[in-house]
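Q: The structure under discussion is supplied below as structure tokens; questions concerning it will follow.
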Amino acid sequence: MKSQSIIEIKNLSYRYEKDTVLENINISVPNGSFLAIVGPNGSGKSTLLKLILGLLKPQKGEIHLFGQDISKFKDWQQIGYVSQKANSFNTGFPATVFEVVSSGLTKKLGLFRFFQKEHTQKVHEALEAVGMRKFSNRNIGELSGGQQQRVFIARALVSEPKLLILDEPTVGVDAENVNSFYHMLADLNRQRGITLLLVTHDIGTISDKVTHVACLNKHLHFHGETSEFEKHRSEGMSEFYGTDVHLLSHHHDHGGVYK
Amino acid sequence: MIQGIFQYEFLQNAFLTGILIGFLAPLLGVFIVVRRLSLIADALSHVTLAGIAASLLLEKYFVALSGLNPLYLGMVFSVGGSLFIEKLRGVYKHYQELAIPIILSGGIGLGVIFISLADGFNTDLYSYLFGSVSAVSRTDLWVIFVISIVVVITVILLYKELFLLSFDEEHAKASGIAAKSIHFIFIIMVALVIAASMRIVGIMLVSSLMTLPVAASIRIAKGFKQTIFLSIVFGEIAVLGGLFSSYYLDLAPGGTIVMIAVAILVFTIVYKKIMIKNHVSQGGAAG
């Protein structure tokens, strides 16, 4: 059982002082799946991600990564993370796309080790995977938001993770490019077998790309395969979110309202 | 003057030191500028002034210390100041830039007290403030040479960590890079290079040698390595051109070096403007 799940979360609860943000969450992410965790603003999505990334410690319940309890898990190289903040970096930074993606190898290479030919190859492959190979020598600041986000995904991919976690990756991506962006993610999942975990408030555009959906609003309101989700959805959204459904209704403002 | 360099030891010292700091200051300057730490260089240079003043004061009252090179105490103060800045940035987490004016004014305050105790300015101090072609000793040159070797090796060894830390501090920390230690090593290098550079450009202008060549290079460079390369080229042009003109025109080199750096900066801004204009008009013609 455990060996099949990349992430296994059991009875997880978390509170900041008096506010309970997550209560009794159970999620399992099977190897090779593409899971979208959907929830309105303040639903505990970010807290859940921080817990999975080991930035916060579970107060109640368990998290297993690659079959290992998170407190003992050391192999963080297996996990690539693209933060929401990736697109709020200093756009005037004088670095080429190639240099940015190379920086994803920093930890893997380790101290006092230099970049070799084989690494150049890896950077090009990662850029190829996100469709940005031909922008390799452009300065990162010259690209559009969506292109920059692809570069950051390449930076996460270059160290060859088995699991890629993305926090609201389409913030800052032009509306007309969102679809092709998700398409690229789906390709990473299907063709390269990378397990994807994506956090978003926007289920509309993505539901035909993901294999699993989890609806979060402090509690887990739904967790299962996408087909199951669609069936439930046609019967009305409110059962997933209770009272907070209105927050989702104005989806895709892409103005940074959802942080 | 070319003959002069071979003839006079003081000119050899000045030019060799100049070549070294024309390399070092912009090299570290690139990281300083992209990390938006430009003012730290200013704060540290003023702390260095306090160290120099302290050294000159000690020299006056303790004959035994008269051979002490003020550079050493300047470095001690500069490194001490850099540690203080880091401490203060931790104290004022939400107002990190506060650390800079605190250290800067503290440095000047202390420096002024030492200067008054030593009965005011003398020519020696003047050369520390604005640089000098004639004041660089052979010992200074050797000390700066050793610093150069240490800094260059450290930057090469830590290049990918420094790059990641500069580009995306959050990501650097999240991926488990020893961000704190690397930042610490970096800031100590900055402190040492500032103390080393002030012999040539002077305390008042030392930070400009770290920022102006970078400001120029960032306008036109492609990528990070090229930014470093061009910054160093501009830094060397400014230092060598500044030293030559300073010698011929009998001006303090700090002034001539900085003005050449400013000229390069203006040139790159104009150049970039023209390039963009041409690009736009060509694009317009094609479209």
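Cβ from N, Cα, C; glycine included.
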Q: Under TrEMBL, which of the candidate ranges B:53-69, B:70-86, B:172-188 is annotated transmembrane segment?
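A: Based on what TrEMBL states, transmembrane segment spans B:70-86.
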Q: State, in range form, which of B:98-121, B:141-165, B:228-248 has the highest count of Cβ pairs under 8 Å to the transmembrane segment (B:14-34).
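A: Comparing B:98-121, B:141-165, B:228-248: B:228-248 has the most Cβ pairs near the transmembrane segment (B:14-34).
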Q: Report, as numbers and ranges, which residues of the same chain sit near the transmembrane segment (B:141-165): CB under 8 Å and 6 or more residues beyond its ends.
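A: Long-range Cβ neighbours of the transmembrane segment (B:141-165): 13, 16-17, 20-21, 23-24, 27-28, 31, 35, 69, 71-72, 171-172, 175, 177-179, 182-183, 185-186, 189, 192-193, 196, 199, 224.
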Q: Checking distant contacts: for the transmembrane segment (B:98-121), what same-chain residues at least six beyond its ends satisfy Cβ-Cβ under 8 A?
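A: Residues 39-40, 42-44, 46-50, 52-54, 56-57, 60, 77, 81, 84-86, 88-89, 92.
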